């Protein structure tokens, strides 16, 4: 592997720690995380249920002890294109026909997507009573390195539902900033001297500010919720009810404090109350008046602790019901249908949820392209802006036999079945929720082990090559400190509110912002993500420019 | 027991909870405490060491689910007299001869007090190099109820060292305020309607604001530290060193987040860095230059993680070394001596530490009084102010045979040995650190079981009669919710900085403030305190006036 630029910065990063330094740093982080709620509820792998029967314990989220170096130009590109990505996905979710066309084949084989689609159709037939949609997005990238070229940004996925970790990511950035600047930037006691920090005479070939950029994720995301809440307007109930936002959460959520960061900020800074609603309680605690008593279908929330005080729900913010495994009770689908047909603004609607499926990303980024979808969805943007977006696409291939190749075996199938070309790819299920990715030379035997009719449930993606020299040290949730080679994934948060007019496939954008970031870093031997699962760690970034 | 005023307010308080209400309230508190670091490290009784080998877990501090009603007049009296109490103890600590006279007899029998005194004498002979002293005080009271009389305030003790829980107490007040006012004071969903809250039509005979008063403890205490830091002046080292405050802490401290609330506020709002120094590391991480190289004896702190960056310590804030059990290594006393002879401002000095001993309180409040100590220590205050202070004294009696009674058995011994009068008293060891109080009719047999020569190590105090009807509900650190009759103790925080001039027993007061409170509430069956020990809970108060 060539010694390209993005690896050079890692040559002696993070700086080596003496045992006293590691003890001090780990102890400081253990205390800082608790003091600032950079915490999760521990998994039963860390604390057995019998030792925590009332679920009161908390432990640090897995975090890196150092911020990871990240090319400044890539970070700025990701921020610049986020509002365009927001608009792109608002446009996709507004074009039901386009979505139906590309999902049709998948819906035949995927019960989850089929059930979502059925709900949309049923509500469409009854008639939607809410023309506003809210997207709280996170676009995920990796830095791609190639010989003789500067590092570039490649999109991993675009999340349209339950984009998490904005709350905790802000705290990691604050923590790394504290560590790098306490008691003063020139004399930080937690970090050994290093050219990437302000505590060393600078290496003239690398420029940094010595600590992570401020992370605006909480402010950005709550401003999105607040914009939707305000746009909802007055209560549609008779007499009018006080209004609230609902955070729809999993019953056994461990990532509680990430979510509370948003709800607390929403209340403190926007004076908007919100309630946490576990998915198992949707039908118990919320109701929609009958058509005769109120045709506007307001969603009424009745707090279990105070049934005489009802609220009308302006926004349902989904931090749950994104994965097939969550629809595991007889009423799960009825509950989703119930929310979809209500007047509450959904974040997301079912169409927006479907827009985030990997199939959509694959169509947008398909090699070779069938149509210029970007130009169609974003007709008002200059070609240079679209090119900036396109530069973040990693090639993706359909495994469907109906792929648009002129003749013979589709290119995706050809690349997947050859061990030589498969070695450069990852096979991903089209479903949401992660897991079960098949990597490199495991792809051909895997495909040969399943019926050919199921191949179209997968897409093939060219592997991104992150810097091979990247290293960091992690404090796991069980308190172990581990070091090694790592891979990082950058997420950029965005919020977008739009209105759909019947018959018009173009959304009217009312609010479109970018702000805040997530860096997730995992050990290089692991090919799967998911911080809450304990495999990857929350990180922040130290931007650098090389001269 | 008569139905006096302070009991009436408890007649139906706290309001009864349905199981849904209790679930919602407990779950809300479990999450709120983690989000706002109202936390402790769990004891091994809650989480066995093998389940938490790296000490990363945290759990809620034991907290009441409701604030406790408290008579407004008593609270305001406690606040009004705090600056006078601050000055009183500054004056006591400044009068070495007076202290020696009253401690002499105790020092003969108490190794702990004797060792403290020896250090003071040794440093005095070498010559003190710091004439400033800082007191971070907490005066503790109970409400005393008597038939046909309004509730009154009686002092339990005055803490001159390691006055804790200011940090967590602020958070409890914030939490109870949140519970009482979310989403609005008129429609709180966590608390059932009750006349003490704003969510009910007010009972015209009781006036409250519906939530706890704002708690200024953190601001008050850190302003005290900041005043001392600034008064220390520039570094006495050659060349000058950056300066810092030291938080002296126990090696296995569980109440970490209470302390971090102060150090973080000190850094954020006063820009003063501080470091946590475990007592076992005093001699390893701090040093005093030899007399020849620097006669001013600056205390130099060398961070273990960054030995090339030394700091000069302006203030040593003791959150440790207050109890005899902490001096359990061969170098414990040497370490205390080392700090006392340094130029750092001690919070507290040994004289101030000794001023907080129960013996001093007993002499000040002695029945009958031997001398008007208050007038002597506070000559500039009008008699009405001193009377206000005196009204908070609960009668205390020496068990020393040299007590100033004219003839016969000293009154304290007579009251203690009779089962009938003992039933109204508590026998307390004069040492700091709590524990081993002997109550009521256990007193005579206890005294008869120990040599008479040890009696003078105890003082006899008339029991305060708190409202018998007081009830509350507690979330323990293990997540259990328990309800019952309770007793509450109010602490008022104060900070005082003064200068002593050789030969003058009157301190020059430079900073004297009052602010913030602690309410600790324990089950009525327990006669011992100490939140960190799991027996009592952190509480806040809801002030009421009756018409």
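Quick reminder: no glycine exception, Cβ is built from N, Cα and C everywhere.
Feature annotation from TrEMBL assigns substrate binding site to A:138, A:161-164, A:253-255, A:259, A:319-322, A:520, A:531-532. TrEMBL lists A:157, A:358, A:428-437, A:439, A:461-464, A:489, A:522, A:528 with the feature ATP binding site. TrEMBL lists A:157, A:159, A:432 with the feature Mg(2+) binding site. Residues annotated as domain 'Glutathione synthase substrate-binding' in TrEMBL: A:243-355.
Distribution of TrEMBL features across the structure.
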residue: A:138; record: substrate binding site; Cβ neighbours (10 Å): 26
residue: A:159; record: Mg(2+) binding site; Cβ neighbours (10 Å): 21
residue: A:162; record: substrate binding site; Cβ neighbours (10 Å): 24
residue: A:164; record: substrate binding site; Cβ neighbours (10 Å): 20
residue: A:259; record: substrate binding site; Cβ neighbours (10 Å): 23
residue: A:320; record: substrate binding site; Cβ neighbours (10 Å): 20
residue: A:429; record: ATP binding site; Cβ neighbours (10 Å): 17
residue: A:439; record: ATP binding site; Cβ neighbours (10 Å): 16
residue: A:463; record: ATP binding site; Cβ neighbours (10 Å): 16
residue: A:522; record: ATP binding site; Cβ neighbours (10 Å): 22
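Within the set of binding-site residues A:429, A:439, A:463, A:522, the entry lying nearest in space to residue A:162 (substrate binding site) is A:429 (CA atoms). Note on residue A:322 (substrate binding site): other Cβ atoms within 10 Å of its Cβ, all shown chains, come to 20. Each residue contributes its Cα atom, and for residue A:522 (ATP binding site) and residue A:164 (substrate binding site) those atoms are 17 Å apart. Calculated from their C-alpha atoms, the gap between residue A:157 (ATP binding site) and residue A:138 (substrate binding site) amounts to 8 Å.
Under the DSSP three-state reduction, residue A:259 (substrate binding site) is assigned to helix. Relative to residue A:159 (Mg(2+) binding site), the binding-site residues with Cα atoms inside 10 Å are A:138, the candidates having been A:138, A:254, A:259, A:439.
For the domain 'Glutathione synthase substrate-binding' (A:243-355), residue counts in helix, strand and coil come to 41 helix, 29 strand, 43 coil, using DSSP. Distance between Cα atoms for residue A:439 (ATP binding site) and residue A:322 (substrate binding site): 24 Å, as a whole number.
Its Cβ placed at the centre, residue A:254 (substrate binding site) has 21 other Cβ atoms within 10 Å. A Cα-Cα distance of 20 Å separates residue A:320 (substrate binding site) from residue A:429 (ATP binding site). The closest partner of residue A:463 (ATP binding site) among the binding-site residues, by CA position, is A:138; the full candidate set was A:138, A:164, A:254, A:259, A:322. As a whole-number mean, the pLDDT of the domain 'Glutathione synthase substrate-binding' (A:243-355) in this prediction is 97.
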